[in-house]
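Engineer: In case it helps, Swiss-Prot gives these features for our protein:
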| type | residues | note |
| --- | --- | --- |
| BINDING | Thr100, His333, Gly334, Ser335, Ala336, Pro337, Lys338, Tyr339, Asn346, Tyr385, Arg389 | NADP(+) binding site |
| BINDING | Ser109, Asn111, Arg115, Arg125, Arg149 | D-threo-isocitrate binding site |
| BINDING | Asp301 | Mg(2+) binding site |
| SITE | Tyr156 | site 'Critical for catalysis' |
| SITE | Lys223 | site 'Critical for catalysis' |
Amino acid sequence: MQYEKVKPPENGEKIRYENGKLIVPDNPIIPYFEGDGIGKDVVPAAIRVLDAAADKIGKEVVWFQVYAGEDAYKLYGNYLPDDTLNAIKEFRVALKGPLTTPVGGGYRSLNVTIRQVLDLYANVRPVYYLKGVPSPIKHPEKVNFVIFRENTEDVYAGIEWPRGSEEALKLIRFLKNEFGVTIREDSGIGIKPISEFATKRLVRMAIRYAIENNRKSVTLVHKGNIMKYTEGAFRDWGYEVAKQEFGEYCITEDELWDKYGGKQPEGKIVVKDRIADNMFQQILTRTDEYDVIALPNLNGDYLSDAAAALIGGLGIAPGSNIGDGIGVFEPVHGSAPKYAGQNKVNPTAEILTGALMFEYIGWKDASEMIKKAVEMTISSGIVTYDIHRHMGGTKVGTREFAEAVVENLQSL
């Protein structure tokens, strides 16, 4: 692979993808980019923790810095240069910080572009509670589910045109002339594609995850009562995957009651579905009934951010974007430019995102140690300002919090 302005490390080895599995050396080269705003605070803090955890299990990450966002524009004249995309393609796993996308204009979302170009079709977000973190619900310890959000389609596909544009007016006229559908001419237009292919590969990944991690259920969340041929089709195709490809592992909710009297058989996963708006109150009132959740893109975005509130907010929520043999790991929160460079913000989301990355490459012991060390740090009262304002304790900066996590990690 040729690079224009960056050079891969000479030491370290590539992660390979063979026969549907990652082959991970003890010293993998992993690209990273800090991104915008607070990325320059939280990514170095996370790397400090990740290095300590890797060392603890006798391994080493060889980091390869690449660029996206404002830094990339200054260096390349391009917010998302080919060097960065090529590095992710070549080395297969990357850690990223948040990227800024202006609302209403400028350039299209860099996050969406990365997902589409690399075909990172599943946004995977584990949602679990860390002891000691303030939560708005009475029993946050019941929260433990993983959200699989389809990443490439739906209204986030970026197929849209502004009000009054030639494309929008042409489409409005076409719909009226061909199908008798009337849309006001002063409308912006967006398209909502949901395909059988994209739906099935997402649900397939979610069910495989449930099987491999001994999860009890997979819930298909949709708005199919209104959008029957997009969201409703998502539901139907999801059930098809469960029945046709995982029939020996899966039963439906109806079968659970009709055949088994409501008692879940050992080794079986219950596949069920919920209407999207209902699901928002379900995760509050019936939290522990949900395990793995699969959704289309838009509702997945909404639900995953709402779910983060249950366990303390976006500042501690990790995330990832996964394709076939390729993964980019990013925190859920944004770039928060007003706090950039102040050594103030909470790096927990980025640290736990790194733990999720380690889990993905098979370093599960290191991943668990990181999560335990973060929990120990917060439970001891060492916290950043966002948590301190709710629970008191010792308020520390970004770097100091990371160092406290490292200290606790080394004691394990």
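Placement of Cβ uses the backbone N, Cα and C atoms for every residue, glycine included.
Walk me through where these features lie, including what they touch and how far apart they are.
Structural biologist: DSSP gives Thr100 (NADP(+) binding site) a coil state; it is part of no helix or strand. If you take the C-beta of Thr100 (NADP(+) binding site) and look for same-chain residues 6 or more apart in sequence within under 8 angstroms, you find Gly35, Asp36, Gly37, Gly69, Glu70, Gly334, Ser335, Pro337.
The Cβ of Ser109 (D-threo-isocitrate binding site) has Leu99, Thr101, Gly158 as same-chain neighbours under 8 Å, each 6 or more residues away in sequence.
Under the three-state DSSP scheme, Asp301 (Mg(2+) binding site) falls in the helix class. Sequence-distant neighbours of Asp301 (Mg(2+) binding site) (same chain, 6+ apart, CB under 8 A from its CB) are Asn123, Arg149, Tyr156.
Around Lys223 (site 'Critical for catalysis'), the C-beta neighbours below 8 angstroms that are at least 6 residues distant in the chain are Glu231, Ile275, Ala276, Asp277, Asn299.
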Engineer: Out of Asn111, Arg115, Arg125, the binding-site residues in the record, which is closest to Lys338 (NADP(+) binding site) when you go by Cα distance?
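Structural biologist: If we rank Asn111, Arg115, Arg125 by Cα distance to Lys338 (NADP(+) binding site), first place goes to Asn111.
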Engineer: Which whole number of Å gives the largest C-alpha distance between any two of Ser109, Asn111, Arg115, Arg125, Arg149, the residues noted as binding D-threo-isocitrate?
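Structural biologist: So the maximum pairwise Cα distance among the D-threo-isocitrate binders is 19 Å.
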Engineer: When you tally the Cβ atoms that lie within 10 Å of each candidate's Cβ, which of the binding-site residues (Arg115, Arg125, Arg149, Lys338) has the highest tally?
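Structural biologist: Counting every other Cβ within 10 Å of each candidate, the maximum falls on Arg149.
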Engineer: I need the CA-to-CA distance for Arg389 (NADP(+) binding site) versus Arg125 (D-threo-isocitrate binding site), whole Å please.
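Structural biologist: Spelling it out, the Cα of Arg389 (NADP(+) binding site) and the Cα of Arg125 (D-threo-isocitrate binding site) are 26 Å apart.
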